[in-house]
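Quick look at what Swiss-Prot lists:
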{"type": "TRANSIT", "residues": "1-42", "note": "transit peptide"}
{"type": "BINDING", "residues": "304, 341, 345, 483, 486", "note": "(2E)-geranyl diphosphate binding site"}
{"type": "MOTIF", "residues": "341-345", "note": "motif 'DDXXD motif'"}
{"type": "BINDING", "residues": "341, 345", "note": "Mg(2+) 1 binding site"}
{"type": "BINDING", "residues": "341, 345", "note": "Mg(2+) 2 binding site"}
{"type": "BINDING", "residues": "486, 490, 494", "note": "Mg(2+) 3 binding site"}
């Protein structure tokens, strides 16, 4: 049902975010939720005064609803489910037979990078615990590759591992021994380990600079092709910063060419990837139908239509099959965020944006009467979806999450309004002033708060109380990486169309620096924020393990989406290839 028909609050089906009338009256829940509101018809005939509006001339979507509805792989059938179970038994046997800690660590690393580590969580944790307990007795035998892999895999799993384990590879002056640079595999492993650095760990800072220098040397030498590919891949972006699902697709192809490939593990990785992709396609078809029927794309033609790209962000944040509802919510949220962001950045007048922000903050239907028609549609879109999600959540879990979701929306809109005010007054903030607002305007907190509620945290009352008090820092850190990676690739185009100065321009203005120096400063800032976020790898927050993973993955997804340019605003190029490999094309099985 399109948005120009009657809407009731809340709509009843979370799975579709449709505009249907709920079966039960909900006036006892939120008074405004049960009112019947007629959405205005947007048309070329309008009584509103004509305003000179900017246009970003966004490219239309390259992913039509008809195309998305055609995505339907056959990897969900019982024959594949049965084959997966047989392959899992074989891989479990390989885990049991892995001879010695190095072989065990290498197999665990393969499992995780191939994307099937989640199928063997118990076995992996037991094996890592055993290796950790035996560390003191065996560490004298370890080479650089083994030591680095031990550090990376265990720290990533929350074990308390000190970088002091690398001290025996350093000379009496405190520098890394030059002799270890002759080992490209060891260099690669140490390089990857260094990116799990926390603030103050200077040994790992030095390791990163040392290995980067020598890996660039090895990249040009005659080494085994798979090692050369891994070096090139790592220098582009380390494992710890990569979007896991996308990296798994890359690593499956590499693993096929590596020496010592386990054929049954390779088959498991390919089949599991295709089966999960099939589940993703089912969700994507559902979300695309919702967006097509919702009608907002036609009415808000000033905004980016990026449903497929939004679903990429959802996969990047939580890809596991059991989080399908969360991905649907996040994909819909991402598309609504795109509309609201473009309304503030491009289309809305200063006075209109003040009224809209006030309406979202009040969360009251009566406040929309003074809004122009297009803004009424935008307000009702976020109001409808939020109240609907809250209704379903209350029904399923007995907890009212609407106050948290509406506050997240209000905070987001207030941050966008602040930027609009800066543009209108031609004000350039300091970098700190910009970042204090921009981590919210990037939408990271809004996305992560939805991810928390819809990724299955329980018991809810205790989880919410703990979440509100203990997760503000990791949300801010993840959202800051999101903001800064975006700025590095989109700032020039956005400023050209009249957007607020971004982090690069703020630092240029504040420090009197060149653009090249400012870009280097922002890259350094990103590394600094990653170090701070890495503290959460070992933080005692096991009850929020899923949420912490989502926070890390949001930062990783932004890093990958903006690695080759504006992978969200410009719907082609390298990111089109990434989306195709994630959601369109299955891996060929031999």
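Using the three backbone atoms N, Cα and C, a Cβ is placed for every residue, glycine included.
Predicted, not measured: the structure shown is a model, and the values here were computed from it.
Features recorded in Swiss-Prot, as mapped to the structure shown.
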| residue | record | contacts (Cβ under 8 Å, 6+ apart) |
| --- | --- | --- |
| 304 | (2E)-geranyl diphosphate binding site | 58, 338, 339, 342, 568, 569 |
| 341 | (2E)-geranyl diphosphate binding site | 303, 416, 443 |
| 483 | (2E)-geranyl diphosphate binding site | 435, 438, 439, 441, 442, 444, 503 |
| 486 | (2E)-geranyl diphosphate binding site | 442, 558, 562 |
| 490 | Mg(2+) 3 binding site | 502, 562, 566, 569 |
| message | Using DSSP, what is the helix/strand/coil residue split across the motif 'DDXXD motif' (341-345)? | response | 5 helix, 0 strand, 0 coil
| field | Sequence-remote partners of the motif 'DDXXD motif' (341-345) [C-beta within less than 8 Å, at least six residues beyond its ends] | value | 56, 58, 300, 302-304, 353, 356, 374-375, 378, 413, 416-417, 419-420, 443, 494, 497, 499
| remark: One finds that other Cβ atoms within 10 Å of the Cβ of residue 345 ((2E)-geranyl diphosphate binding site) number exactly 22
| field | Extent of the (2E)-geranyl diphosphate binding site in Å [max Cα distance among 304, 341, 345, 483, 486] | value | 18
| query | Can you give the mean pLDDT for the motif 'DDXXD motif' (341-345), rounded to a whole number? | reply | 96
